[in-house]
């Protein structure tokens, strides 16, 4: 999707206005303590810009986790975020115990100039997502009239709307698409994310390499399909490589992952690659295990030898790493989505770590390297490479849908320029 034609915060006049801002404060918590404040820090530039440019107030709304519909458990409260935000901004943050309704509307109607207000978790109301589950696990659907009321109440909390929640941009939730204000702009985090993906997908540097890992082919069909129209080379690694190798080379894969559904379209994908002149690199050797366990016995295998019955491949071997390194060395732009082994376990992390080292090396020689959220972003955190690649996405699902060529509802809803 083209992202260059949307209103962004730097072009929005906020002076004297109440800004209602959707952020992504869905942070990990343990015993009501925040264990990683990255997402809160990521929203600070947009908040500060509004305050520095004379906004009357900044009203922040976010979800946290996925609470049941009904009584609101403390562990899903955004109260601890207000405390963290106060220390990051160096100014008071008013926390409200709800996100809609007469009391919230009153508190946000005419606040003191320069106020920062944080609303309670949006998902305490089923109207945010439109559906949910009650405490017994029964499905609950929101009534259309109540969704309208919920959206109207959110719309009363500001004069202009800013969306800086890239991580939720693929969800058509009320706070993402239902705030009805004349000007709706993307915040700085949203802008940074969209700029990277726009550049990568709309005018890539070439050769352009996609590294695709992860487990199931079926989950990645749309991704592979869309990227085959854009890239010059593709590494297909991780668990899904076994489905390709079994279909294409009739390789014995033991108890490695095999995706029945995905297997049906492997040949179509390969013929599309051939037609588009895309060079595909698959692994040629493996680190194997006698069970799916951190402390499993390990072995080695190649495509030619196959993996014996009762064993499974959990990482690529050193020959595969050499092939991957050659592909990385040829690239001027890389998008990486999905690890190439079970990186969480030391015995099976070498392949992903070796690939990460090559991607870092490529970045230092001027290659544009984009890590698409989720597990691959976790790899960056694990090996401290977040600042050694060009961009690590904050949105797993959102970045995946962009790479699949889908329109993101949260971006689509912003004002055109």
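The backbone N, Cα and C atoms fix where each Cβ goes, glycine too.
Checking the candidates 24, 52, 375, 387 against Swiss-Prot: the one annotated together with 215, 218, 219 at the Mg(2+) site is 375.
Of the residues 237, 238, 366, Swiss-Prot puts just one in the ADP site with 214, 343: 238. Nearest by CA distance to residue 48 (N6-acetyllysine), out of the binding-site residues 215, 218, 219, 375, is 375. Mean pLDDT for the region 'Linker' (187-190) in this predicted model: 95. Residue counts for the region 'Linker' (187-190) by DSSP state, with H, G and I taken as helix and E and B as strand, are 3 helix, 0 strand, 1 coil. Mapped onto three states, the DSSP output places residue 131 (N6-malonyllysine) in strand.
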